[in-house]
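So that you can see what the record holds, here are the features copied from TrEMBL:
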- 84-519: domain 'Major facilitator superfamily (MFS) profile' (DOMAIN)
- 88-108: transmembrane segment (TRANSMEM)
- 128-148: transmembrane segment (TRANSMEM)
- 155-174: transmembrane segment (TRANSMEM)
- 180-200: transmembrane segment (TRANSMEM)
- 212-235: transmembrane segment (TRANSMEM)
- 320-346: transmembrane segment (TRANSMEM)
- 358-378: transmembrane segment (TRANSMEM)
- 399-418: transmembrane segment (TRANSMEM)
- 424-448: transmembrane segment (TRANSMEM)
- 492-514: transmembrane segment (TRANSMEM)
- 528-574: region 'Disordered' (REGION)
- 534-574: compositional bias 'Basic and acidic residues' (COMPBIAS)
Amino acid sequence: MVKLGASADLDWSHLDKPQGRVAGGKYVENVDEAGTAEEDRRPLQKVECDMPMTLTDSVMKDGKEWVVLEFAENDPEDPFNWNIYLKAFLTALLCGMTLFIGLATTAYSSGISRMVSDLHRSNEIGQLGLFTFNMTCAIAPLFLAPFCELVGRRIIYVGGYALFGVCFVGLALGKNMATIIVLRALLGLFGCIGTILVGGTFDDMFRPEQRAIPMALFAYVAILGTVGAPIYAGFVDQAIGWRWLEGIQGLSNVPLLVLCVFGLREKRGSVYLHKRAKGLRKDTGDERWVAKEELESPGLKEMLYNSSVKSVLMLVTEPVVFFFGLWIAFAWFITFLFLSVIGITFGEKKHWGEGVAGLPYIALVIGVTLAFAANFLQIHKYDSMRRAANHPIQPEHRLYGAMMGAVFLPIGLFIYSFTQYSFVHWIGPCIGLGCISFGIFFIFESCYSFTSDCYGPSASSAIAGQGFMRNTLGAVSPLFGAQFFHNVGSQYAGLILSLIASVLTALPFVLYKFGPEIRAKSKRAITYDTDDNNNNKDDASQSNEKEQTSDSHNVESREDSTIDGDSKKNVEIF
């Protein structure tokens, strides 16, 4: 593959007709010359290798001419043009993978007591398995994301998920806690593909106006898997032990892994163009044929910078990134904290058995399911505003769901806090749990969608930083959750968390009112049209200059720094 730096601008001005078309082999006869001819393009160029009709641009860069390949309209290999059934199948595979990874995250917690008893270690040592899983999930995306750009998504998905499944063999057979903790860390390393790639993959398949439902589904299964595992894991551990709990988790991944091996397609369109360029270079002996991303994409060093250093810098320098990151991190902190708290409430106080004490997690599942359904109101409102010719869309319009739904998190925490008494009917704390997961879903969904809309080409770095904060707080919460509720008192511990959640719930309301002013002061936030009645994109040079100043090395940022509601730049979701 020809790989070039992105430091120089591209220049098409050296030819009167720099644009052309190329096709070859069995595809030539299907090319409609009359239907595809354009006045500003050269006649069709025919080659011997099999080559679907592909658009070309002659480009001068660093004093050398290159012929850049791009998809033609309605090209069947362009992921945007895949039929809806294929997209639905691939979405189901990816969300299934995210679901099983989430289940593996928390099913482990149900077997900790028996595991540490068998291996003669303390409960705190057993909790380190949750800590190491989440910490590797927090750190790994900062360094692994660039490799997805280099080798494509499919190989990362299939390879990572296969290794994820293999780790369960060691977990089921491990003879000491050191082995368990190391394997849990590796499980987090390979399992982070469920958060590092899925959102970016939807960007590769769905156009901006089509992404709301897939992204909401991703958020739903990510939370569902995390809160749903203890429902069955307690019964499995009680009946056949913690080793079989890990073994069953591993075996349950096998059918989905087989489907992924044979059914998962590469979803980065640039990979197909790379193959075409490689075939043309081999067939013609002309090394000028390249895919567009081969000229424009940064090198490995720059990609590592964007995914790690830049992510941390945006986290500490961009108020929107930091406070939304803090909000979603707190929500994830609560999610993992309740892995211990629910056991205290229903096991210690209400004296339920191990398996039955996991049933209250059903309330969390019901809550997040209702939130997923309610989110369609937000999607409908946003789509209606986007289609309105006299209503330019803004990132703040993504916050309606958060303003409506996120208030349920502090409400749920307050209800749960004062219904934990042994004499209170079990339905009381379960109602609180349902409200908690209802609110967490809207926090999760709004953080990603709002950040993506705010930062466009820099959104992947912003969300990577938020993901680091989220998984870090999720990692530390099980280490002291039980002690916190025991020492402070269940009611007061819950009240403290409710008050913190109440303060953070003001965030979407503040950003809805002052968001445009905050974004205007940012060096990385993109600029949106505010007075264009046709909702079309203007040539906003101010935003373009800001992005060049902060990221002069990033060609993608220079080209797409002003985005309207119908034209969002693809971003990775971490």
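Using the three backbone atoms N, Cα and C, a Cβ is placed for every residue, glycine included.
A TrEMBL annotation is a machine prediction, not a hand-curated record.
If you look at the transmembrane segment (399-418), the same-chain residues 6 or more away from its ends with a CB under 8 A from one of its CBs are 331, 334, 345, 367, 371, 374-375, 377-378, 381-382, 428-429, 431-443, 445-446, 450, 490-495, 497-499, 501-502, 505, 508-509, 511-512, 515. For the transmembrane segment (320-346), same-chain residues at least 6 beyond its ends with a Cβ under 8 Å from one of its own Cβ atoms are 106, 109, 130, 134, 223, 226-227, 230, 314, 352, 356-358, 360-361, 364, 409, 413, 416, 420, 426, 429, 433, 436, 439-440, 443-444, 447, 450-451, 454-455, 462, 465-466, 469-478, 481-482, 484-486, 490, 497, 500-501, 504, 507, 511, 515, 518-519, 522, 525. The predicted model assigns the domain 'Major facilitator superfamily (MFS) profile' (84-519) a mean pLDDT of 88. The stretch with the most CB contacts under 8 Å to the transmembrane segment (128-148), chosen from 155-174, 212-235, 358-378, 424-448, is 155-174.
When each of the listed stretches 155-174, 358-378, 492-514 is scored by C-beta pairs under 8 angstroms to the transmembrane segment (424-448), 358-378 comes out highest.
Between the transmembrane segment (358-378) and the transmembrane segment (212-235), the number of CB pairs under 8 angstroms, six or more residues apart, is three or more, so the stretches are in contact.
By the count of Cβ pairs under 8 Å, the stretch nearest in packing to the transmembrane segment (155-174) among 88-108, 212-235, 492-514 is 88-108.
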